[in-house]
Amino acid sequence: PTFFESCLLLSSHSPSTQEPSPSPQTNTDHEDLSNMASEAPHQDAATTETTNWKPHRPTTPSLNSFPNSPPSLDPSNYPHGKKSLSGISLRAFLIGTTLGLSLSLTIFLFPTYYLWRVPFFLASLCLFHFLEYYVTAEYNTRYASISAFLLSSNGWAYNVAHSSAILECLVSYYFWPRDSYFSWTGPVFGVIKLQVLLGLVMMAIGQATRTLAMAQAGSNFNHTVQVERKDGHILVTHGLYAILRHPSYFGFFWWGLGTQLLLGNVVCLVGYAVVLWHFFNSRIAREERFLIAFFGDEYVQYRKRSWVGIPGIP
């Protein structure tokens, strides 16, 4: 046979490629396969033997009523609230700006002009109020409100005291000779007088003690006297509290007197000493009555082995 006849003979003897019709027994399987094919995701014609299926990742349930609603926010964080975010940021900005300007003016005036002490005093006030809020926010976050800055929560007497200190320093500069103030102290370390150096040391120790005490007490510290024992309130007796019962009061008392030595104030130095002593004497007595009610004999024994660190207050 010829070549073409051979090809025809081979094609006639090759098995048929036509698939047999499914038997009635396989209808169910065929339907299942059809359903699976219909449920499978649509594949692009350009892709072969690949799939776009993604693993199932359950979503975290939202705490809000509606899935598309914005995150919930404490109402006190809104403007005019006690933890207003806008109020906190504004106060932080003003304190930081005043601190920077005061330090710059201090560097510019020192040591030529006696008045370098005024901007330095303002800078120390800014640092004090900033640390009051920062340490509260860091170690006692629940009470990190606007009042934690202590800018106005201490009352009008607090602001009058600091204003009087600045006024006395300015008046003494303009109406009395420079060397007549604390004339009994001679210069040490160049142009730094003894009372200025002593004031700086007292301010540094006082500020460090108060800040560290607030951090060590943590959630047990509060700017106001607590009349009820809160959950988790414990008696702190470690760190500074192993020696001082009220290290934050100790720190502020000596820091306040140090500022007046630095300014060279005579009247305000005496006034600060008298006012601060009476304030802490009455506050400590009232606070310890509640602490004895909270902790009983544990606090009584603790009081016997610790001290306040303010003269005249046992």
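For all residues, glycine too, the Cβ spot is worked out from N, Cα and C.
Quick look at what TrEMBL lists:
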type: REGION; residues: 1-77; note: region 'Disordered'
type: COMPBIAS; residues: 11-26; note: compositional bias 'Low complexity'
type: TRANSMEM; residues: 92-110; note: transmembrane segment
type: TRANSMEM; residues: 116-135; note: transmembrane segment
type: TRANSMEM; residues: 156-176; note: transmembrane segment
type: TRANSMEM; residues: 188-213; note: transmembrane segment
type: TRANSMEM; residues: 261-280; note: transmembrane segment
Among 116-135, 188-213, 261-280, stretch most in contact with the transmembrane segment (92-110) (C-beta, under 8 angstroms): 116-135
When counting Cβ pairs under 8 Å to the transmembrane segment (261-280), the leader among 116-135, 156-176, 188-213: 156-176
The transmembrane segment (156-176) in contact with the transmembrane segment (116-135), cutoff 8 A, at least 3 CB pairs, sep 6+: yes
